[in-house]
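Per TrEMBL, these features apply:
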type: DOMAIN; residues: 13-86; note: domain 'Cation-transporting P-type ATPase N-terminal'
type: TRANSMEM; residues: 66-84; note: transmembrane segment
type: TRANSMEM; residues: 90-106; note: transmembrane segment
type: TRANSMEM; residues: 253-272; note: transmembrane segment
type: TRANSMEM; residues: 284-308; note: transmembrane segment
type: TRANSMEM; residues: 704-723; note: transmembrane segment
type: TRANSMEM; residues: 735-755; note: transmembrane segment
type: TRANSMEM; residues: 776-800; note: transmembrane segment
type: TRANSMEM; residues: 806-825; note: transmembrane segment
type: TRANSMEM; residues: 846-865; note: transmembrane segment
type: TRANSMEM; residues: 877-894; note: transmembrane segment
Amino acid sequence: MENPQIPVKPSRKWHCASIDQALAWQATTADGLSTAEALVRIERYGPNRLQQAQGRPWYRRLLDQLNNILILILLVAAIASFLLGHVIDAAAIVGVVAVIALIGFIQEGKAEQALDSIRNMLSPQANVIRDGKRTTIPAEALVPGDIVLVESGDRIPADVRLIEARRFRTDEAALTGESVPVEKQSHPVGADVDLAERSSMAFASTIVVQGNARGLVVETGRYTEIGKISELLRGVEKIKTPLLQQLDRAGRVLAIFILGAAAITALLGTLLHDQPAADMFMAAVGLAVAAIPEGLPAIVTIGLALGVQSMAKRNAIIRRLPAVETLGSISTIFSDKTGTLTRNEMTAQAIWLGDEQFLIEGIGFSPEGSFYRVSASGEQETESVDMNRSYSLSDFLRAGVLCNDTELHQQAGQYQIYGDPTEGALVVAGEKAGIKTSEVRLQFPRVDAIPFESDFKYMATLHAEADGQRVIVKGAPDRLIEMCDSVATKQGTVAIDRNEWENRIHELSSRGLRVLAIADKPAAAIDELDHHHIEGGLRLLGIIGLLDPPREEAIEAVKRCQQAGIRPVMITGDHASTALAIAKQLGFAQTQKALTGREIEAMSDQALENIILEIDVFARASPEHKLRLVKAMQARGGVCSMTGDGVNDGPALKRADVGVAMGVQGTEAAKDASEMVLADDNFATIVSAIEEGRKVYDNIRKTITFILPTNGAQGLAIMLAVLSGSVLPVTPLQALWVNMVVAITLGLALAFETGEKDLMARQPRDPKAPLLDLFLLWRVIFVSVLLLVGVFGMFSWILNQEGSEALARAGAVNMLVTGSAAYLINSRFLINSTLSFAGIFGSRPVWIAIMMVMLLQMAFTYLPFMQLIFGSEGLSIMHWLAIILSSGMIYLLIEAEKMGWRILEAKQK
């Protein structure tokens, strides 16, 4: 009879509770709930799904593009121009703003969908006991207290406390980082064990890889372990990249300076020269429009987009534009081990028989490789083992293939295993020795088997032989040594020395290998195998050490990272010894100690921050631990990347400055929480992406340094004209034209510049370093003054010669654009000289841009409708000669300034 009382939601340690206690806590029985009771509970607890986050509507994303103080100033200027009757000026300003907003809107793309992908990982259907009968219901209808039935291939629909489990294993790699399927059983475990060791629990979103089970639903929806990760994702703050932060700060400072300069200029013009207030207001608007680099956001966005395209060619898919720049300042890469730094292909590496030791060549599931003996002194012999004469080794490997349920297949030239990865390693080792799995299993057919159970720590199979039957046992070495009383050697069977074998097991374990033992014994003629048949009298055949090997390309990638001043850090759910062994093989710098998840939990945030720079291997880590590690590193001033492929990496991927997900083996949740996805799952691709990121940032700095002098020269020219009481050399509309032509056409050419040779020999860029340092600020001021002299000089000369303001302004605008084109060649190298054929003509994009600008200026100067819009007039050949000579002089003066810097640097060295 069912208890109608509905339990509250206290925090329970379900994994350490007995079955009876867990059923009592949920006020249910092993026969499950009634339909009526389930309806009551779903009203109380809600459906078994994760909360959905609302994305920004399209219009909100479009409006967000205008959330920039410089853009807002332009909009205010447009409104003021319209109210004062300058409709064309107002329309032009609004048009420029619209183009900038549209570029940002398109590049930003769709809103994040991380929560949707996690939600879709919940099983759509669930087999449940309702009203005492087995039935199938939508997984969303599950409630705490339900009894669910799961079997191989199912996705666990909720967090369940196992009641019955037969040969039950689940794949928890995406949740805990465990690289092999986890054995499950129904007995309570310790109260303080890690999530990965709660063998009495099965968790929502994990996959059943073997066996079947009956379980009590204890948590649903947001209260499941996957639900907690979802909540972490919802609560993680997404920080701005260093470039965006610096652009925001620079924008605010520039806005204050421009508004102040415009106001002071208008006020002084009114007071000193008794100019009409309306005219001075429009002069102030013109100064603001001229000085604001309205094309800068667009050119930065386009530069980042070009970086995205370049990275895509290198198999690095960028999901958010600012990540391109941030990659250039990455100082720490937090990386998951399984499948990212390692191949996720368990491989047999060492075998220890009674009186022989062997090393196995080859990695992964490919059955290619030889066996080599290891001498008593530990030296590997040069000649491979002749398997036709190594009977003990053949017997051992054959036993490993027989006591095994996994198969090896080749598809499209690639080898894959079907079954348990650990058993797959034994099959591959046998194939390397010429033992064909299908043939040997036909030769020694299986009569019966005892599946692996965590209580017994072994698997046993009974096989028919020509002269009887034989039992083969495979399992935990400590357990099998207890069950063995003899050992197989080349000389025959001898008594076992347990201390010696314990030392051998420790030796392999210390190398980070997972150790299995294999034993056998003759059996009487029986049809069913039971535990009492193998309780004693076993003969130990040997032990084998397995390892998920590191990727070869990851080893090189780690080396390149270290050369570039980037610190790789491994975070894994595996044991510390395994993690340390892999880290040493990968070449990690600091591998003396691995910090475990339990040790992290015992630390305060401050203590973790103090030690974070000393440890580069973290083992048995949960999602909460990974998130804390990223935050701790960021608190120490580091710019962090987090690589991963599982749901468990989601929070840290999102909180990291750049989250990097695996594209092939990665979950959709990991991809959607990241800024970058590796299409080839190659850790080395990250290094290429970082190199590209550094190049992009260099080119953006060059572009900004190139664009700002144009604005500076225009602003200074208008200020000088107002303060001297002369005519404005450039109108607001002409200033907009110059800004867009120089920024979009000329400035864009610098985005195609190739990277400097020392890109990956530099230390990571300090994210707190100013976007424009003192050297670049000097360059901006120096070039602004040169352009100012050229523009004001050209305007005054033509005005005095011809007496036409329109003609003089046309000369000033063309002087500004042509001088900027000359400066574009200077800007290819900030310090090094461009006074060479390669320096001047070595960049095709630069000259394409210059040709395009010259065509645009011809249209600006000579086409009637352009003359009508911008108030320009046609220039004579004499005017153009003066403009070209002046531009050449600007180019040479900048090269002379660069030479001065080179001489100064040489003296300092």
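Keep in mind that glycine also has a Cβ here, set from the backbone N, Cα and C atoms.
Curation plays no part in TrEMBL annotations; they are all automatic predictions.
Sequence-distant contacts of the transmembrane segment (877-894), counting only residues of its own chain at least 6 positions beyond either end whose CB sits under 8 Å from a CB of the stretch, comprise 782-783, 786-787, 790, 793-794, 797-798, 811, 814-815, 818-819, 821-823, 825-826. Of the two recorded stretches, the transmembrane segment (735-755) lies close to the transmembrane segment (846-865), with three or more CB pairs under 8 Å once pairs fewer than 6 apart in sequence are set aside. Same-chain neighbours of the transmembrane segment (776-800): 701, 705, 708-710, 712-714, 716-717, 720-721, 727, 729-730, 807-809, 811-812, 815-816, 819-820, 823, 830, 879, 882-883, 886-887, 889-890, 893-894, 897, counting only residues six or more beyond its ends whose CB sits under 8 Å from a CB of the stretch. Secondary structure of the domain 'Cation-transporting P-type ATPase N-terminal' (13-86), assigned with DSSP and counted as helix (H, G, I), strand (E, B) and coil, comes to 43 helix, 1 strand, 30 coil. Across the domain 'Cation-transporting P-type ATPase N-terminal' (13-86), the prediction's mean pLDDT works out to 80. Away from its own ends, the transmembrane segment (704-723) comes close to residues 258, 261, 265-266, 268-269, 272, 275, 280, 283, 286-287, 290-293, 295-296, 299-300, 729-730, 735, 738-739, 742-743, 746-747, 750, 771-772, 776, 779-781, 783-788, 791-792, 795, 812, 816, 820, 823-824, 827, 830 of its chain (Cβ-Cβ under 8 Å, at least six residues beyond either end).
With a threshold of 8 Å between CB atoms, the same-chain residues lying at least 6 positions outside the transmembrane segment (846-865) that come near it are 737, 741-742, 745-746, 748-750, 810, 813-814, 817-818, 821, 824-825, 828, 872-875.
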